[in-house]
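Presented below is the structure to which this report refers.
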């Protein structure tokens, strides 16, 4: 929603302003300028992939447009990615430069609890979660519905009567499960480190496979250079995504979850 986008802008603005004009009580900290090991560079990949994977909600967003056209959709995607880039970059860079290596996984937790602008930023984060949760839940529920109908062999028209009851049960179960996870896993960084590898599949592996399949399905007597280039690009995306998924997931299991 518009309020959610405005909320993310406000959070970024607060963190940037706090960096430019820091509080007097803030003690200067050491800011690392290089990673401790070369593998530490890949530790940031789950967060990056998790932040930029918008593929799941793209279908319902496209269907909700007044003019669902490819040209308009391209402008929407470009604008969304640009906004996400500036929001994530501004928040991450200024938050890190303010607190250095001691920055919390949730950068807002690094600020004093009695800071009114920061408290308002936390409220906007809650608003962002509340507005994005229904969209992502709809996508997840649609997948479960498709698997259920395929397993039972019942058509959509025949299953309309029981759909409402099943939808309510799925919604309540989904909400309670996420609530329990939020209560017993206080560090969101560990969650992102685990599911960030799955986000890499959404960003690299699945689009790469779709590109390869689309090019292989073309009927051509001779393969042009552009055809081979696009297939090679698809193979590269799949390979890169598989590497990121394996490395980040293994690192999350052996480092973050066992810490």
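Backbone N, Cα and C atoms are what each Cβ position is placed from, and that goes for glycine too.
The domain 'Amino acid transporter transmembrane' annotation in TrEMBL covers 3-246. What TrEMBL lists as transmembrane segment is 73-99, 119-140, 168-185, 191-212, 224-245.
Packing against the transmembrane segment (73-99) from elsewhere in the chain are residues 5, 8-9, 11-12, 15-16, 18-19, 22, 26, 29, 31, 51-52, 54, 58, 61-62, 65, 107, 110: each is 6 or more residues past its ends and has a CB under 8 Å from a CB in it.
Counting Cβ pairs closer than 8 Å to the transmembrane segment (119-140), the top stretch among 168-185, 191-212, 224-245 is 168-185.
Panel annotation: around the transmembrane segment (168-185), residues 137, 140-141, 144, 191 of the same chain, lying at least six beyond its termini, place a Cβ under 8 Å from a Cβ of the stretch.
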